[in-house]
Amino acid sequence: MENMAEEELLPLEKEEVEVAQVQVPTPARDSAGVPAPAPDSALDSAPTPASAPAPAPALAQAPALSPSLASAPEEAKSKRHISIQRQLADLEKLAFVTEGNFDSASSLNSDNLDAGNRQACPLCPKEKFRACNSHKLRRHLQNLHWKVSVEFEGYRMCICHLPCRPVKPNIIGEQITSKMGAHYHCIICSATITRRTDMLGHVRRHMNKGETKSSYVAASTAKPPKEILKEADTDVQVCPNYSIPQKTDSYFNPKMKLNRLLIFCTLAALAEERKPLECLDAFGATGIMGLQWAKHLGNAVRVTINDLNENSVTLIQENCHLNKLKVMVDSKEKEKSDDIFEEGEKNLGNIKVTKMDANVLMHLRSFDFIHLDPFGTSVNYLDSAFRNIRNLGIVSVTSTDISSLYAKAQHVARRHYGCNIVRTEYYKELAARIVVAAVARAAARCNKGIEVLFAVALEHFVLVVVRVLRGPTSADETAKKIQYLIHCQWCEERIFQKDGNMVEENPYRQLPCNCHGSMPGKTAIELGPLWSSSLFNTGFLKRMLFESLHHGLDDIQTLIKTLIFESECTPQSQFSIHAPSNLNKQEENGVFIKTTDDTTTDNYIAQGKRKSNEVITNLGKKQKTDVSTEHPPFYYNIHRHSIKGMNMPKLKKFLCYLSQAGFRVSRTHFDPMGVRTDAPLMQFKSILLKYSTPTYTGGQSESHVQSASEDTVTERVEMSVNDKAEASGCRRW
């Protein structure tokens, strides 16, 4: 059967030899030792003598090449990888072709192949497979490359061990050499895939889509159009796969819209204090955030958008022209920027676009407002941000490394933030306090203190906005607010550790619960260090709400209202939202800030160092007297502490019950079912138990059920007061 297959195959090969008489130039050898791809014509034009060894049986059954793949002009111009061949003999010829000896490759037969010198495998590096005799090389190619190949339209995609994957620069710009083992090269899209099963599925997906070599090359040569998205009356061009950071240089996440709106309201509120403001978007990507600042705030801000990637800088400049904003490069207006605007169009402002490392830029220039939004953690840029930030300026930090902050990768949190955390019911506020603590330590190293304006932790990011207070006194006061937290793993009660350097004999006494006395073993752990002071500034949040109403940002108003309720720790029914009545004079923790239009940056700086020190001193005194008015730290999840067999009251009613009991209470944006209150966990559970109803009535009348439930509630409340461990509610975390 093999001889018959060989006889049927030889006429076909002779026809191919007669047709493909094309002279192929000798390719230059790669300096790295990696063989260059061999043209189709060079391999197909070699004659196959009758004495040559018969190919594998699978080759005789290989189907003919499809017309779309054989007659495509794009394939004639392009070169496929050397691991993609028609026959096993073509792989053997590559040992001579890669050495540049095309004459010997064209006249290759079994005699001179066996009598040849030692040859190396064309698909393996020299350190993996050394040069050997022809019979060993033939056996190596057949067993380790040809038998595990993937067939597609008459071609065999053999396994390759060469370092074919291109290296990519990292964030700093250094080349990263990634180790790569055996892999396949797709004949259609030239992708590199490591496993054979994955390669089969990859080719199958191409076939299901009807893609061939010619159609894929034609589609890839056409430049994909850029999509234009609109957000807050700002148009931005985005690249294909803009929402996948691994597949694009300019990442744009539509889910971060709330983050961008919060930062815009922050800058708008700061612009009422003094103008113009020097603003920096350190990681521009598409430039959407800086474009919103310049387009809506106008001459009140001087925006600088920075990015290290050259493609992102080009995209930012295109988006500036798309929004009728002139681009400034190196303090000079970009050439040909006037030609972009048509007659009658108005220039809405200027934006400076820079291409440098964010740390270098923040060391070179001083700013009033800095926003950091790197891909991942932001701890590598905090020292540079506080180095040249102006007094009473604002630094906003967006952290997207939620796997470490939300206690999914605790070792990463210990490495980046130097703190110990576990997964708790209040893990989102714990993440916000971790970031604030890192920001406070970075500011203290630069002899600066901070005042937290607000902190937001949602599903995709953690946003922290702080005001900078210059001076060692403010730095010392800020450093004192970084403390450790004692957390009970049974009932999840928590309390910040007392100040002092003396070692306490029994730290369990600080916890309000008695789980250590009623439960075996060690019940509490130490978390932190964390920020222990307030996370919100009510006055600044009200000004942000006013700016959101002024600019018509309806999507963010609900969140800002929730932050205001949370900062004052009051139910929503006891608070009314209204615009500030006197915008010329507002107080924030003892600091009176003028917000008239006449205030400029020069007048603000000219007030002198002594005057600013007096303002900071008054701020410290006011903060000491207002410690009791701060919102209570952390919150309780009402579902986490529910009683089995009991129906909980509605959340709004439960807030009223806690308020009637004399406790401060409010909802929290960290958890939709969370309750922020200064009530201890034992009182929280007793009130929750008091107003819960049994789930099963048993067919009794309503009056009997009500009296029985009241007796049951009374007994359970007495039991909860006497036994603080409360076996029904205590669960191991």
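Placement of Cβ uses the backbone N, Cα and C atoms for every residue, glycine included.
Owing to the predicted nature of the structure, the values given are computational and were not obtained by experimental measurement.
Zinc finger is the annotation Swiss-Prot gives to one range among 184-206, 345-367, 529-551, and that range is 184-206. Among the candidates ASP90, ASP307, ASP476, ASP499, the residue that Swiss-Prot annotates alongside ARG260, ASP357, ALA358 as binding S-adenosyl-L-methionine is ASP307.
Ranges compared are 125-129, 135-139, 220-224, 295-299, and Swiss-Prot records motif 'Nucleolar localization signal' for 135-139. Its own atom aside, the Cβ of ALA358 (S-adenosyl-L-methionine binding site) has 24 Cβ atoms within 10 angstroms in the protein chains shown.
Compared over the binding-site residues ASP307, ASP357, the count of CB atoms lying within 10 A of a residue's CB peaks at ASP307. Under the three-state DSSP scheme, ASP357 (S-adenosyl-L-methionine binding site) falls in the coil class. ARG260 (S-adenosyl-L-methionine binding site) falls within a helix when secondary structure is assigned with DSSP. Put simply, the two farthest-apart Cα atoms among ARG260, ASP307, ASP357, ALA358, the recorded binders of S-adenosyl-L-methionine, are 22 Å from each other.
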